[in-house]
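Asker: After the structure tokens below, expect a handful of questions from me.
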Amino acid sequence: MRILCTNDDGIHAPGLKVVEEIARALSDDVWVVAPELDQSGVSHSLSLNDPLRLREVGPRHFAVRGTPTDCVIMGARHILGTKPPDLVLSGVNKGRNVAEDVVYSGTIAGALEGTILGLPSFALSQEFSVETRERPPWDTARTFGPDILRKVMAAGIPKETVINVNFPSCAPEDVLGIRVTRQGKRNLGFLRIDERRDGRNNPYFWIGFERAAMMDTPAEGTDLAALRERYVSVTPLRLDRTNEAFSEALGAALK
């Protein structure tokens, strides 16, 4: 089995080495194509107005001056064009990708691009806490990742579906199990705008997160709840975002 690995944290990110280890537990035919620079939060952006620069950094390891989406396209269509991958793994992201993160995440976008190309694809993310921010518990992803991939691949993944896996911020021995979840929802106040001043007293801004707003009790059955309760969260996400339940009412309103 040929596996293509990517991420959004960049070619030198620790989590990329972890996802490669997970991939090598399944196959010896592993290729890495990742962004030259950190692309966190770029979502599913595609580089149309800038050229892509490709750099070989080692055997079967390539850096692309572009987004995770660009990397998957370059990997599947150019680098591995004569023999495309059988599986795409995106991650392991430093930090969880749950709830509204799904919309912003370059990690999930890398997996979604694999799904668009008709390839089984997983997004993998390792949650961290305030205490473990500088040293996330990567061993949790290493421990549970390979077995989850094997079982899901054996069961088969429907078309236009990407599997979003989030590992809780605890040691492997403290994980209570695995849950299949749905996408959660945070308090609407979780984003903040932080205004600062530069040396010339001109304003500039950072978008950040209000941790207190993110600590609300999440709904049962969600990715947020699973992580809080120390379970691995496995969420099947659909590429098709059509709200079919609203289609009939929408049609009636437009008559």
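We number each residue from 1, going along the chain as drawn.
Glycine is no exception: its Cβ is also placed from the backbone N, Cα and C atoms.
For reference, Swiss-Prot lists these features for the protein:
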- ASP8, ASP9, SER40, ASN93: divalent metal cation binding site (BINDING)
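What's the neighbourhood like for these features in this structure?
Answerer: Taking Cβ-Cβ distances under 8 Å and a sequence gap of 6 or more within the same chain, the neighbours of ASN93 (divalent metal cation binding site) are ASN7, ASP8, ASP9, GLY15, SER105, THR107, ALA123, LEU124, SER125, GLN126.
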Asker: Three-state secondary structure of SER40 (divalent metal cation binding site) from DSSP?
Answerer: coil
Asker: Write out, in the order they occur in the sequence, the residues of the chain not among ASP8, ASP9, SER40, ASN93 that have a C-beta within 8 Å of the mean position of the C-beta atoms of the recorded divalent metal cation site.
Answerer: ASN7, GLY10, ALA13, GLY15, ASP38, GLN39, PRO68, GLY91, LYS94, GLY95, SER105, GLY106, THR107
